[in-house]
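Feature list (source: Swiss-Prot):
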SIGNAL    1-20  signal peptide
CARBOHYD  N165  N-linked glycosylation site
REGION    178-197  region 'Disordered'
COMPBIAS  188-197  compositional bias 'Acidic residues'
REGION    259-306  region 'Disordered'
COMPBIAS  263-275  compositional bias 'Basic and acidic residues'
DISULFID  C312-C320  disulfide bond
DISULFID  C319-C389  disulfide bond
DISULFID  C348-C421  disulfide bond
DISULFID  C352-C423  disulfide bond
Amino acid sequence: MPLLWLRGFLLASCWIIVRSSPTPGSGGHSAAPDCPSCALATLPKDVPNSQPEMVEAVKKHILNMLHLKKRPDVTQPVPKAALLNAIRKLHVGKVGENGYVELEDDIGRRAEMNELMEQTSEIITFAEAGTARKTLRFEISKEGSDLSVVERAEIWLFLKVPKANRTRTKVSIRLFQQQRRPQGSADAGEEAEDVGFPEEKSEVLISEKVVDARKSTWHIFPVSSSIQRLLDQGKSALDIRTACEQCHETGASLVLLGKKKKKEEEAEGRKRDGEGAGVDEEKEQSHRPFLMLQARQSEEHPHRRRRRGLECDGKVNICCKKQFFVSFKDIGWNDWIIAPSGYHANYCEGECPSHIAGTSGSSLSFHSTVINHYRMRGHSPFANLKSCCVPTKLRPMSMLYYDDGQNIIKKDIQNMIVEECGCS
């Protein structure tokens with residue numbers, strides 16, 4: 001069954017490549033290719049006067065992506081004032097002093113944000129009961145062991161308020177982080193006794209918030225800087241103490257119970273002073289405090305760094321990305337394409353030795369590695385296959401242009417520009 005699946009995948013891949021590449025004898029003019037990189041790679045770049053053929057391939061690709069059979073016929077230029085008004089209403093960019101339109105690269109920024117979000121992990125850690133009254137401990141999951149940059153960190157606490165409260169509308173809630181004090185510190189003992197901690201611990205205020213005490217609800221306390229310091233120190237546990245001095249005036253209480261049983265808390269002599277005593281245990285567990293952490297790896301992190309494709313520099317013959325820019329002014333298309341000023345028609349070229357096949361960080365890698373495994377061992381039907389240099393990462397492109405009716409159109413085209421190349 002796995003072999004049949006691989007054969008089907010391979011045949012489908014070959015069909016796509018053949019379909020998107022021009023026939024060798026046709027000069028690349030048979031149809032607008034779906035993959036400009038494939039078409040450009042097959043053109044004879046070393047042959048004199050081959051540049052026009054590459055430009056023609058790019059032209060056909062752009063028209064194909066815009067669903068146009070031919071370039072629009074713009075008989076009269078649109079007045080600059082009308083163009084400015086249209087761009088302002090479309091919120092797509094601005095016109096520079098030189099008359100060129102600069103597009104706001106929203107789609108590019110979205111792509112960058114999506115890539116960044118893919119690298120970001122979200123971890124939710126529920127609180128455990130601390131070693132002293134009104135204390136909690138948050139153990140950051142081992143899943144976050146390779147995360148070093150905190151994007152956001154918040155502690156969520158539930159404040160329970162009795163229905164009869166009419167005495168105070170606002171209360172102040174403070175969070176203190178417990179920190180170990182170096183042994184032998186002169187003022188450790190007195191301060192620690194005041195807050196009920198062992199002598200080697202002290203505390204620092206990390207978050208404070210004035211909240212509405214007229215209804216029971218969740219409250220969020222930002223603690224990003226504290227978690228960042230914790231990770232920088234190589235630690236994974238956050239110990240905090242909560243304080244709500246005005247809560248007793250309203251009868252309000254913070255639900256703080258972790259895994260300790262209610263009877264154990266009562267055995268310690270806890271009273272209704274902001275600790276959630278006297279509430280049904282099951283409901284308390286549903287209101288259990290938690291830490292929400294969003295973090296990512298540092299760009300300088302040496303491990304699991306995303307492999308980047310090679311840039312062709314004339315010194316390597318291994319699969320790489322070849323830069324190729326087509327100016328719309330140079331090809332006479334700036335009369336109907338308002339922005340951008342040109343197209344980065346990058347393409348992939350180079351050899352794919354067996355030892356680097358399937359090494360890119362793309363979705364092709366898994367299939368390529370499996371097929372390469374069978375191919376190197378001489379298994380049919382993969383024995384005579386050769387790996388291909390293909391795009392592994394593409395980014396979108398925004399275009400602003402006139403149609404035949406001189407209407408201004410903005411279109412975001414996905415997978416338009418080759419960013420990285422790899423071996424299939």
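The backbone N, Cα and C atoms fix where each Cβ goes, and this holds for glycine too.
Non-local neighbourhood of C312 (disulfide bond): C320, K321, K322, Q323, E349, G350, each in the same chain, at least six residues away, with C-beta under 8 Å from its C-beta. It is C320, among the disulfide-bonded residues C320, C389, C421, whose Cβ has the fewest other Cβ atoms within 10 Å in the structure shown. If you take the CA of C352 (disulfide bond) and look 10 A around it, the disulfide-bonded residues you hit from C319, C389, C421 are C319, C389. Cβ packing within 10 Å was compared across the disulfide-bonded residues C319, C352, and the lowest neighbour count falls to C352.
Counting every protein chain shown, the number of other Cβ atoms lying within 10 Å of the Cβ of C348 (disulfide bond) is 28. With respect to their backbone Cα atoms, C319 (disulfide bond) and C421 (disulfide bond) stand 7 Å from each other. Cα of C348 (disulfide bond) to Cα of C389 (disulfide bond): a distance of 6 Å. For the pair formed by C421 (disulfide bond) and C389 (disulfide bond), distance between Cα atoms is given as 7 Å, rounded to the nearest Å.
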